[in-house]
């Protein structure tokens, strides 16, 4: 079954569609059951916000060839952005070494990751009000500027600022393209299209590290142009690759406006004050500030405390958590009682399917980071794997989940349902995590570790697709962007909490286990061995130091895997409350789409 099998068969020329020359049966490219699906009327939905209406208008006037071209553009963007990410991530260590300021760069990395996740909420509002193409161009600009600044920076402060810009743009591109896929595909085929967009990560998991070594090989003197050129080269590559898709989007948005399918807002605002008041309400500025600030303040302490940049007992950490929690409560109260136009409709916040999907997203990421945070070090210390080998094995989840999500997309299209897949995947995830409690121990064959990773990868690839389908199926087209941002935000919350749990287990388990395992004459080395992975690796297998380190890793990993397994009980329970929505019975999009 190929890509073309999911394309519309009966779409007519766009001009005929606008002029009413195409009959309604040919306009619809989704399910044709008139009892459950309303046919296209050749017009955008009046009650939707301007950005959503622009996308509907574009889909109503473009052709099947344009749709194919857009998806080719999407694939190229995902391919090269993932290649860039895999390449530059493998060069980060050498950036640290160049500046001799790892703490500042680490702080910037944490901040940029959190800000990039939280800013999906205002980005969702921006593309709903302003437009997908316009928001996409802004994110491409931020990404390119960030890469250029990272390539030319002369201090750790400049690199830190550039990194924040880059991550906001990078996360924004991925998010907006996900929304665009949702705009241009039927609910029935959306899971498959989401899987299609992640498939480049399968090959780039291997290509990225090799390309990074070509740019900068520390084992060979003066080999490669240097890490700066990696950032600089990708700045130009990303700009060039992202341009064709933006041209397609803007061209057909303007064509829809020219043909009268979409009309610009003519509300009669004549003064700057009237315009400012209108957009202030339309953007729900107060709601965006409250929820963004609340999540940043709430999430940041989990990360900076876990990385040793501060302690849980410090006043700054406690104040940030309290203020963040209060701000989030204030957001909920404001949206329910005071907001003229709600950022997220209250009925969606109360929807059991949306709530269950968000709980699933959070619990999955809590579990994932409980076992993954120190997995790379575990592979090197316990099994003696090289940097490349450990990198490949630690990426088993990414490769397996991206591959399996394609199968999940086909199954959703075939059965027209997704809840049953999630119900099957959750026990498999628990099985994989539970088996790790036994197999992540010294003297266990590494093949069993790989087996657990495969179980978790297949289950994770299923559950992530299903949670996204759940929030989209529960909402109208108008709120798809906000729902995707919302479930992504819960993933960020889960990741921060998982990091904190893993860090707490590590710091409270490994030193004590090391001291217990070391011979009496070596117990004074406990702190030195605990703090440095490089020092741990410097001892050969069979020495008392390495044996004690391996035993201590086994104790810590067991406790982390127990925590990861326990959290998954919440994940499984959250799926039970979903409604069993049939994706072929609900229509969200109009025009020539993948359906």
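Sequential numbering from 1, following the chain as shown.
Here the Cβ of each residue, glycine as well, is placed from N, Cα and C on the backbone.
Where the annotation comes from TrEMBL, it is an automatic prediction and has not been curated.
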Among ranges 354-377, 522-545, whichever one TrEMBL labels transmembrane segment: 354-377
317-334, 335-352 - the range that TrEMBL marks as transmembrane segment: 317-334
Among ranges 229-252, 253-276, whichever one TrEMBL labels transmembrane segment: 229-252
Listed range which TrEMBL flags as transmembrane segment, given the options 379-396, 397-414: 397-414
Contact between the transmembrane segment (317-334) and the transmembrane segment (354-377) (3 or more Cβ pairs under 8 Å, separation 6+): no
Ranked first among 135-152, 229-252, 397-414, 478-506 for CB pairs under 8 angstroms with the transmembrane segment (285-305): 478-506
In contact by Cβ distance (the transmembrane segment (478-506), the transmembrane segment (397-414); 3 or more pairs under 8 Å): no
The transmembrane segment (560-578) versus listed stretches 135-152, 229-252, 445-466, 478-506: most Cβ pairs under 8 Å: 478-506
Candidate ranges 135-152, 354-377, 421-439 - greatest C-beta contact count to the transmembrane segment (478-506) (under 8 angstroms): 354-377
Paired segments the transmembrane segment (229-252) and the transmembrane segment (354-377) in contact, 3+ CB pairs under 8 A: no
Outside the transmembrane segment (421-439), six or more residues from its ends: residues with CB under 8 Å to it: 360, 364, 367, 371, 408, 411-412, 448-449, 451-456, 458-460, 462-463, 466-467, 470, 557-558, 561-562, 564-565, 568-569, 571-572, 575-576, 578
